[in-house]
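J.: My questions all concern the structure below.
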Amino acid sequence: MGEGKVAERGHDPTAGFFNKFAFGWMYKWIGAARRGEELNAEEMGMPPENMAHEAYDKFAAHWAAEQKLKDQDGQKPSLVRALRKSFGLFYMLGGLCKCGWSTFVILGAFYFVRSLLSHVNYVDAPTKKWTTAETLYGQTTAGWLLMMGFTIDAWLLGLCLQRMGYICMTVGIRARAALVQAVTHKAFRLNTVRADQSAAIVNFVASDIQKIYDGALEFHYLWTAPFEAAAILALLGYLTQDSMLPGLGVILLVLPMQYYFGYKIVQIKLQNAKHVALRSAIMQEVLPAIKLVKYYAWEQFFENQISKVRREEIRLNFWNCVMKVINVACVFCVPPMTAFVIFTTYEFQRARLVSSVAFTTLSLFNILRFPLVVLPKALRAVSEANASLQRLEAYLLEEVPSGTAAVKTPKNAPPGAVIENGVFHHPSNPNWHLHVPKFEVKPGQVVAVVGRIAAGKSSLVQAILGNMVKEHGSFNVGGRISYVPQNPWLQNLSLRDNVLFGEQFDENKYTDVIESCALTLDLQILSNGDQSKAGIRGVNFSGGQRQRVNLARCAYADADLVLLDNALSAVDHHTAHHIFDKCIKGLFSDKAVVLVTHQIEFMPRCDNVAIMDEGRCLYFGKWNEEAQHLLGKLLPITHLLHAAGSQEAPPAPKKKAEDKAGPQKSQSLQLTLAPTSIGKPTEKPKDVQKLTAYQAALIYTWYGNLFLVGVCFFFFLAAQCSRQISDFWVRWWVNDEYKKFPVKGEQDSAATTFYCLIYLLLVGLFYIFMIFRGATFLWWVLKSSETIRRKALHNVLNAPMGFFLVTPVGDLLLNFTKDQDIMDENLPDAVHFMGIYGLILLATTITVSVTINFFAAFTGALIIMTLIMLSIYLPAATALKKARAVSGGMLVGLVAEVLEGLGVVQAFNKQEYFIEEAARRTNITNSAVFNAEALNLWLAFWCDFIGACLVGVVSAFAVGMAKDLGGATVGLAFSNIIQMLVFYTWVVRFISESISLFNSVEGMAYLADYVPHDGVFYDQRQKDGVAKQIVLPDGNIVPAASKVQVVVDDAALARWPATGNIRFEDVWMQYRLDAPWALKGVTFKINDGEKVGAVGRTGSGKSTTLLALYRMFELGKGRILVDGVDIATLSLKRLRTGLSIIPQEPVMFTGTVRSNLDPFGEFKDDAILWEVLKKVGLEDQAQHAGGLDGQVDGTGGKAWSLGQMQLVCLARAALRAVPILCLDEATAAMDPHTEAIVQQTIKKVFDDRTTITIAHRLDTIIESDKIIVMEQGSLMEYESPSKLLANRDSMFSKLVDKTGPAAAAALRKMAEDFWSTRSAQGRNQ
């Protein structure tokens, strides 16, 4: 995949002089973007030297040499040195270009401006006594030559800066490519990876390597700035002699301040990073578990959690802004301030100020501003890059056990695994031993591994994979391995790509695999079939789907030895049988299979069984009485399962037809978070939701408070005006506009004082306005971004469930992390500088037009040119920005995924494939960066050309109209036009930057303004998400408003619900307005305290009844009464706090034990919480975690097992003293041991509650008062189990018989026993 493409793509788009000189290859793509085509970074390409492999090979040789130094004494390997040897020479060339820029700029300001001014002065008064040199410059030819020289100088200056930018970018990209490769080469070959290591490595790829790239772009600015400042000051000294000393003092004050502020801003950003990380961590937990958050009505809690973190963040952001404001004000105040000091000294001590001195000084200072503005940013970039290089160096030098985890199998070893008298231990934990006296699996065999939790079953699999250290014994593994991990691992790719896992696509094999892994139905349900994206960590699929996709990947790999670590835990009974028959006994019939499982019913069909306990293999051999007896001691097997186990008859073949429809855990599937199932692809309506950048900007402005915006705009104008007037004032001073000097050209202290003080006043005003400008602007921006964030968060947490069906969680996470950062950091900066530079540009053109009236025509032309440039540049810039964001995310995502699934990658022996894939994605990312930067340089090329033309025009006016204009006027024009030369490109860049950044605000603005709250009919086709009308089951259309009822909030409801009876009356419900009905006319009544079980095939609507009860979706028709109150009249919070649920996939949130049980702190008495923990058997675990206030990791923090997390959910339900409990397949994914504990706890703690149990195993619901049998959304049967079983034709009776004669008999016996005990209690009416 990698090599071929790289070879093909070896063509160099930048070949040829015109391309290299004027970025000519960009025209093709700019045209494409204007036509609205998507730009594909991979197609656009870049020079072959920038490709990951070439850059890495070059770097690797030098780095290897550095690493050798480690062994020699006293020398330390240096990453910087290796990079310098690899790319340093070319990079130095960039430095030379930067020096060229400095030279040309200073030459223009010092030599050309002065010479042209002396030419004008000569023409103005040729009769005065001039020196020969001045006379020479005064000739007409000289004037025109100077004009041409100045124009060429202005153009060359731009070219130098573009070359420097190009070289820095190219070197940055090469360094980046080489380092990503270095990191992945090392990381993907690690043996195991700890969570903190993994986070660090992802961080290298996500931010450190980007920082090194930024550092490479900015480094030349950093070291040249002091030299430029020194050169400018030296020239000023030559002009004004000792008068410049006070000016030097001002600059020496400001420069160190610049460095200091740059440093402080870096510090604040580092401090803030941890708050940002914490905030996004909370979002990452809450959004995938949003269904649970809604069940518990905990939205407010998480909103407060996030706001708390955010408050800290805002405080630091505020200080960051203060630094920035002072910093910018200082930089922009330096030129006029220093000029003031110098002019005053000059007039008092030396001679009358003349135009050639005054305006050359101002020109030089206007240039000095540029290095000063860039300095803090460059300092920040370079210091961050340096820190990143240090971290990377430490990581690359760190000694780690690497090498493939897969066992070094002898080439001719027979497929399978044999262990004799083996003793193993974990590399990280040498004290725990695994003892395996005998274990073998040969092709064509299925060996089951059973035992309690933590018995060492998974460790046995790890030993076969070679991840355990063998102490003694013999151990042989042969053949290719495929593996399904205990926690399913998916990449954020389409379902098909997850299954293929880098292998070639083979239609027939693929179809067989999908069918045997029971994925056929899912492909019909998922909106995009097998092209549906899995999402980050597979959030878009349900647990069962994730597991089956892992199984399919394993099957598709077609390996010799198959290791299944608990691969059937998250699927229901039907599906488990289907997979066992079709996949394990079917596709894998000729493979050596090791199956770790809790399903005892499969034991008789396995060739051998290994029984594990406490790290020992107690038994290995056939499944017989002895094995059953031994296992019976370890696991509480109900007599039912014994029955199922001893019944060896194969299941009745007639299951086939139903199995087609069956493979899925209840209907929960239909509620996996988007891009979900139900119905047609959800791509089309997406477009309705997006705002334009213009709308986003309006919303952004509006939330910032319009009055503030107005004030802010006023200060922007005021600051720039005071600055322009101060420039005019210098012209009037030189010309003595107010006739204060008695003799022309002679000094006079009174006159000088007059002109000085007013100049000082103007400069002072300028400074004050600048401080106010920054303050109001940043106040507006902070306020706006915080308001948008607050509203967006509130809306999303309280959005209807339908919203999450069509909005991928990954997108929402990006909105709340990346887009939020842009709103806090990049957008304000871009808009701020766009305002500042834009006004400078506007003011300079106005100034020049006022002084040289003919120039006004050119100003018009300039504005038109700018608009044309923007309209050409913007589409391409936005498209490339998008490509850059997408591709960057792809690379980081890949690294994060591979590290998370490192065990799987190694088991399949795919390390090289992934290193290659990382190189491919690096190339795509770098190509996007390369072309985006080249586009900016293309823009600079043209803008600089326009700038140079303007300089030519002004010089031509100066020479041609010297007599009419006079020195002071021309001087003012020149000092302004030089500013334009420096700032014009930047203005166009910042305008486009701001526009494209508003595109990233649009997502947040949409969430803040257009996401409806729960309790409405959600319709994604409407802009505000609220349905206008709904279609009733009988086809009538009614306005949606008529369905939403008045909310009662009566004091009488304080004790609701008191008894817990539930009545469904003709309930119709659908997930989306265009989806089929999920519940059709369901009617039943549950009396208080009754235990009701719901059964039915996947998609029959049993989970949907719970969703309707919780009002996750509004009813199209009918009503649900709880204790006689129609739930549609209650507020959602009141309704959901009145019910309790134990969900299918238990979730724990990062926080304390207390916050997981009682987030709102309603129970002040700890004794109550301990009491509940004791009831559910979590007391020890809670003490182990550090008491009620002990910290716990969220789900995925492997500290609490699945069973323990389910017990936490029990504890939450027990704390809610409400009479209704819902169980949504609560024990589906547990081993029998844990399940027994949970079931006992439920019976013990919740005995008096009305209980609705949705189950996929009949033994969990056979002991119920009533059974609900659902089929395709309709209620088929509702009776007590004994009555249903008495009728052999009832659906329930048939379901029971399907389990096989022995199991059916046991189930009927259980139902009978339960019925008789209930009758004895007098419970059955």
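Residue numbering: from 1, along the chain as shown.
Placement of Cβ uses the backbone N, Cα and C atoms for every residue, glycine included.
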J.: Between 352-375, 880-903, which stretch does TrEMBL give the note transmembrane segment?
T.: 352-375
J.: Would you mind telling me which of 830-848, 1210-1228 TrEMBL tags as transmembrane segment?
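T.: Per TrEMBL, the stretch marked transmembrane segment is 830-848.
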J.: Is the transmembrane segment (965-987) in contact with the transmembrane segment (89-113), using at least 3 Cβ pairs under 8 Å (sequence separation of 6 or more) as the test?
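T.: Output yes: the transmembrane segment (89-113) sits against the transmembrane segment (965-987).
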J.: Pairs of Cβ atoms less than 8 Å apart decide it: which stretch in 244-261, 352-375, 757-780, 937-958, 965-987 has the most with the transmembrane segment (830-848)?
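T.: Comparing 244-261, 352-375, 757-780, 937-958, 965-987: 965-987 has the most Cβ pairs near the transmembrane segment (830-848).
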J.: Could you check if the transmembrane segment (965-987) is in contact with the transmembrane segment (352-375), meaning 3+ Cβ pairs under 8 Å among residue pairs at least 6 apart in sequence?
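T.: Contact between the transmembrane segment (352-375) and the transmembrane segment (965-987): present, because at least 3 Cβ pairs are under 8 Å.
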J.: Ranking 219-238, 244-261, 937-958 by the number of C-beta pairs under 8 Å to the transmembrane segment (142-161), which range is first?
T.: 937-958
J.: Is it true that the transmembrane segment (757-780) and the transmembrane segment (325-346) have 3 or more CB pairs under 8 Å, sequence gap of 6 or more?
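T.: Contact between the transmembrane segment (325-346) and the transmembrane segment (757-780): present, because at least 3 Cβ pairs are under 8 Å.
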J.: Please report, as numbers and ranges, the same-chain residues at least 6 past the borders of the transmembrane segment (697-719) whose CB is under 8 Å from any CB of it.
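T.: Non-local partners: 691, 766, 769-770, 772-773, 776-777, 779-781, 783-785, 787-788, 791, 835-836, 839, 998, 1001, 1005, 1008-1009.
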J.: Give me the mean pLDDT over the domain 'ABC transporter' (1062-1297), rounded to a whole number.
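T.: Mean pLDDT, the domain 'ABC transporter' (1062-1297): 81.
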J.: Are there residues at least six beyond either end of the transmembrane segment (244-261) with Cβ under 8 Å to its Cβ atoms? List them, or say none.
T.: 226, 229, 233, 236-237, 323, 326-327, 330-331, 334, 337-339, 341-342, 345, 368, 372, 375-376, 379
J.: With a Cβ cut-off under 8 Å, give me the same-chain residues at least six positions beyond the ends of the transmembrane segment (219-238) that come close to it.
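T.: Distal contacts: 94-95, 98-99, 102, 106, 110, 164, 168, 244, 247-248, 251, 255, 342, 361, 364-365, 367-368, 371-372, 374-375, 377-379, 381-382, 385.
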